[in-house]
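S.K.: My questions will all concern the structure given below.
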Amino acid sequence: MSEDLRRQRTGELELGVTEATQKHFNRKVVRAPPASPARLAYEKKRPKFLREMAAEATGVFFYVFPGVAATASLFFASANASAPATTAPNAAVYGSILNVAFAFGFGIAFAIITSASVSGGHFNPAITVCFVIFQGFPVRKAVRYIFAQILGAFLAGLFIYGMWRQQISAVLAEGVPPEELIQVFCAYPLANQTLGYLFFIEFFVDSFIGLIIWSVLDPANPFVAPAGAPFTIGLAYTTMVVAFANITISTNLARDLGTRMVAAAFLSTSAFSYKSYSWIGILVNVPATVFAVTYYEFIFKDTMTHINEGHLSHPDEVYNDGSYEEKDTSALGGTRLGRFLSNRHSGGSADMQRPNFAKHSDE
């Protein structure tokens, strides 16, 4: 390893190669062009609430679109299971539950990566509700976020229907009931499943995911780096899809309601009426996630750990020896990615701590 202190700031693996080539090679760094006054004027006048709503809608679109597309691929490939791979897509080549699970999981990761720095990255009405309850997120902004989330899922459903319209028309022409196609767009129970059983499965799955999300956002959790947060949350969804998709799960109010409206508009109104199931797919996610977050807040969370690590402050700062010191009551930002995102909003320096996708400088 190099002992040159200047080289330790580059983040490069030092095996002597860099120092050997540095005398003969100079890296050419392209300077970013200066910001134009027109661009700055546009960004200053651009409504921030529309920007945040667009980010929420885009994030949900990024989450729903690949997952539903993979589901459609599996459905239509299974319909052609007996056809040779050279003439039609079949399940052996294009379809499996694992494909669907990874599509949803990576979709969530991509949604967080692309849009969380703008809106905070909720992408789920249940998460927004939890931020209202436990983090003081503004109710008026929460209503806008939830509307944008549902809109993003609805647009994703429209795109999927348009892209797969040829296959949908062919299957319907063969006599397949429209109700069977609804399962491509949203959760749709089997004939022998009871509502109580489906409620229990949905509640457990959503609580599992909610607990993982809140633990990732906890600044006292040392096991998730900011760069790994999107993929950790995505992996939680992937795990539950692999385990329970064959039973019927929804996991997200916006994802289910948005695509269910598309299915009801273009396929059959039984998307809402069949077995009175739709309320489970749409609504159970909210109380289940609130339950999971409540459990984490009151059982796992240790506020003193947050204070001692500098993630929170208190008017009476408590030290290990029992002494007190008067402190400011303002929060310190709380999290690595939270500080980074908040500072991007406010123009400050990026102090990377822990991901908290709910922090906004305008709240």
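Each residue, glycine too, has its Cβ placed from N, Cα and C.
I grabbed these lines from TrEMBL:
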type	residues	note
REGION	340-363	region 'Disordered'
TRANSMEM	54-79	transmembrane segment
TRANSMEM	91-113	transmembrane segment
TRANSMEM	120-139	transmembrane segment
TRANSMEM	145-164	transmembrane segment
TRANSMEM	197-217	transmembrane segment
TRANSMEM	223-245	transmembrane segment
TRANSMEM	280-298	transmembrane segment
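Give me the lay of the land around each of these features.
M.R.: Counting residues 6+ beyond its ends, the transmembrane segment (145-164) has Cβ neighbours under 8 Å at 52-54, 56-61, 64-65, 68-69, 72, 76, 119, 122-125, 128, 184-185, 252-259, 261-263, 266 in the same chain.
Long-range contacts of the transmembrane segment (197-217) within the same chain, counting only residues at least 6 positions beyond its ends with a Cβ under 8 Å from a Cβ of the stretch, are 126-127, 130, 189, 224, 229, 232-233, 236-237, 240, 244, 247-251, 277, 280-281, 284-285, 287-293, 295-297, 300, 335, 354-358.
Same-chain residues lying 6 or more positions outside the transmembrane segment (280-298) and placing a CB less than 8 Å from one of its CB atoms are 124-127, 129-130, 133-134, 186-187, 195, 198-199, 202-211, 214-215, 218, 248, 250-253, 256-257, 260.
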